[in-house]
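> Before I ask anything, here is the structure I am working with.
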Amino acid sequence: MGLTPAEVSPIIGYHGVVTSTVDWCEENYIVSFYVAEYWNAISNMVFFVFVAIGLYSCRACKSEWRFVTAYLSLGIVGAGSTLFHGTLLYEFQLADELPMVYGMAAFVYCTLQMWPPERHSAILAISITLFCAVITVWYLTTRNFLVFAVAFFAELMIAAIAPIFYIRRLANTHLKEATRLGWLFATSIGAFAFAFALWIVDNTQCSVLRDWRAEVGYPLRVFSEFHA
């Protein structure tokens with residue numbers, strides 16, 4: 001879940017004292033006086049690459065607006081995350097984490113609408129909107145990182161499990177396409193699992209990683225910025 005501000009380096013940069021409720025293993029302001037977590041911030045640029053690819057695909061395939069909305073939400077997450085890690089200010093932490101909940105909600109909606117009874121579309125949209133509203137109020141009231149983490153994880157599980165049933169259903173009539181989707185799904189899950197493992201190491205072995213970075217210096221130390 002990240003280090004608390006009391007555990008991070010005491011360096012104060014351009015944006016002042018850390019006000020976010022979490023901080024990460026990257027040493028603050030070590031690369032630039034103007035960017036709190038340099039590598040964590042610039043790594044978010046990849047978001048915009050995927051957004052551009054996704055929007056281009058939506059236009060080429062004449063996709064429904066739900067898919068366009070999902071990709072746009074991904075761009076908002078990327079922007080919020082860049083601001084958060086670049087400043088470590090609480091207001092930008094909210095601009096990162098709450099859009100993550102909303103963006104994942106958009107992907108959950110897209111996923112659950114693959115073969116929907118048409119009459120359930122509005123009910124699903126209202127339910128997801130209410131969920132996001134409750135999580136927002138709860139998180140703003142408690143400022144508890146676990147509220148965000150559990151909500152995001154719950155959405156993630158829905159978005160990850162539902163495709164399994166869809167692929168199995170598709171295999172009954174389109175085996176070749178289902179097999180291709182199955183490999184794509186497995187690759188996605190594997191990539192996420194690998195990234196999550198790095199995130200766990202970054203949180204549990206921070207002191208070890210920092211010592212190693214201090215010892216080897218650049219450019220090798222960049223490869224231990226697992227949070228990025």
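Placement of Cβ uses the backbone N, Cα and C atoms for every residue, glycine included.
From TrEMBL, here are the annotated features:
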BINDING   ASP23, TRP24, GLU26, ASN28, GLU37  Ca(2+) binding site
TRANSMEM  38-58  transmembrane segment
TRANSMEM  70-92  transmembrane segment
BINDING   HIS85, HIS227  Zn(2+) binding site
TRANSMEM  122-140  transmembrane segment
TRANSMEM  146-167  transmembrane segment
TRANSMEM  179-201  transmembrane segment
> Find, among the binding-site residues listed as HIS85, HIS227, the one whose Cβ has the highest number of other Cβ atoms within 10 Å in the structure shown.
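The residue with the most neighbouring Cβ atoms within 10 Å is HIS85.
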> Quick one: what's DSSP say for ASP23 (Ca(2+) binding site), helix, strand or coil?
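Strand, per DSSP.
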> Which of the three DSSP states, helix, strand or coil, fits HIS85 (Zn(2+) binding site)?
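The residue in question, HIS85 (Zn(2+) binding site), is helix (DSSP, three-state).
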> Which of the listed binding-site residues (ASP23, GLU26, GLU37) has the least company, meaning the fewest other Cβ atoms within 10 Å of its Cβ?
ASP23
> Run through the Cβ atoms and count how many others sit within 10 Å of the one on ASN28 (Ca(2+) binding site).
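A count of 21.
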> If you draw a 10 Å sphere on the Cβ of TRP24 (Ca(2+) binding site), how many other Cβ atoms land inside?
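The Cβ of TRP24 (Ca(2+) binding site) has 25 Cβ neighbours within 10 Å.
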> Taking each of TRP24, GLU26, ASN28 in turn, which of these binding-site residues have a Cα lying within 10 angstroms of the Cα of HIS227 (Zn(2+) binding site)?
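The binding-site residues passing the 10 Å Cα test are TRP24, GLU26.
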> Using the alpha carbons only, what distance in Å do you get between TRP24 (Ca(2+) binding site) and HIS85 (Zn(2+) binding site) once rounded?
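Counting only the Cα atoms, the answer is 9 Å.
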> Under a three-state reduction of DSSP output, how is ASN28 (Ca(2+) binding site) classified: helix, strand, or coil?
coil
> C-alpha of HIS85 (Zn(2+) binding site) to C-alpha of GLU26 (Ca(2+) binding site): distance in Å?
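Cα-Cα, rounded: 10 Å.
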